[in-house]
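Taken from Swiss-Prot, the feature active site, proton acceptor covers 181. Feature annotation from Swiss-Prot assigns ATP binding site to 114, 115, 116, 117, 164. According to Swiss-Prot, the feature compositional bias 'Acidic residues' maps to 477-493. According to Swiss-Prot, the feature compositional bias 'Polar residues' maps to 560-571. Under the heading compositional bias 'Basic and acidic residues', Swiss-Prot lists 572-583. Residues or ranges marked as region 'Disordered' in Swiss-Prot: 470-498, 551-601.
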């Protein structure tokens, strides 16, 4: 396929018409890239237009830099062009990809085409999303530093010279940030002498003296972190560049820095803003305590940058999972699982953080049940019910909270078959549940072998009876569960029959004083509802949290997985990464510090 410019120069005189039909205002010398008049961004010396790559069929960013302020003559133009040629060879996950570049000498402009980021710049993204966790800011910082370290590792080092949040670009759907706007980047010259270029608020003191190296980028990065944390532009208290210049060369830090009350965050920023002789390199900053995973993360919302505000990441993940239950099909189903458990499995570190903050027992039950299976007390183990069926060990443990709640955990280990095991944790309602309904619900939603249902129910009965004195087990199993169905039973044409509304939670509003059946009603009727074809509630609700592990004889290596009974039992297990390193995936974030990408829907 020929590009627009290639068609223009084919000698048939139709070039102008073809260019107009494509809607381009300009094309590159090869005819591959076309520029539209739509402006995506504008800086002091650069304008970014929306462009199109005809060969790949994707939109790109067409950057146009005016060289009249940075190019003095033909010799410097050639030298600058050579540097840009080397920049085109940069390939790093933290650097915006440069696809093509060329100098338009008659117009004294440098054009370069880069990948397009639909989420815009980090400054725009942060303004749109004013409340983000400290963990998110740390991940952004780590990616930016990684990109800077890559630039500075070249020989000679590449200095960005204009690093700021406006020149850092975001892929919001993947949580990735990349350093862009390399139009002013330069190689460090011998003796450290260079031109004074950049944005005054982000320029290091030595830049004003025109004697700087790659550490000037680290200073600019520190100002970026300050803006990320406080949502304030550095030196916003100043009204003109002269005031900024006087403060910078006098060593006066931005006023926003003194509103950062978190000592770790503030110390990290101050390290970046230190005098050049004491300023660490980008690679060194990657080991700073601020970038290490913490058990308790706060939030940065521009309210002083304290990074706390009363909520930690454990609480946040618990509440996020609790609130983001799958929506019901009908309006009268606008209810979640009532807080019996989060919708996604919560990692140990999340729940540990909740324990350290002193949350109530209702938030800690998953961790407590999990810990019961780690106990080595022989007497305690002997007191728990155990069963071995066809090479499968089944153990049940539980506890009763001060408010009377009963929480159980069922450990199923197949030592003769796949060698895999699972711990299923759930809450048992002694006033509404029976062991058989819960066991049937578990089998239906978690794909447990049918022949184990009766034995599972017996184990549940025995454990609940041990935890709740005077509690009487319910009936083993019969058709009584069908009484939970509304109307004409199996007759789909009967009023209120299965076809119309086969369980209490799905019945029409007219059949009840409440438009949504109680959660207890649903929990006790879900299994029966599924047998009668009502898959809406059975698939969209659930109480079970599941932990998988490798069932070894003497040792278990457990791996949390982000699934619950809400997913209909579709589990994706994480395999062992070795005894010395175990990676958990919580809310799409690998806990070893890496960020996992996700496919767009």
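Every residue, even glycine, has its Cβ placed from backbone N, Cα and C.
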Q.
In whole Å, how far does the CA atom of residue 181 (active site, proton acceptor) lie from that of residue 115 (ATP binding site)?
A. 11
Q. Which residue, of the recorded positions 115, 181, has its CB surrounded by the fewest other CB atoms within 10 A?
A. 115
Q: Return the maximum Cα to Cα distance in Å (whole number) over the record's ATP-binding residues: 114, 115, 116, 117, 164.
A: 18
Q. Got a sec? Which of these binding-site residues, 116, 117, has the most Cβ atoms within 10 Å?
A. 117
Q: Please report the DSSP secondary structure of residue 117 (ATP binding site), reduced to three states.
A: coil
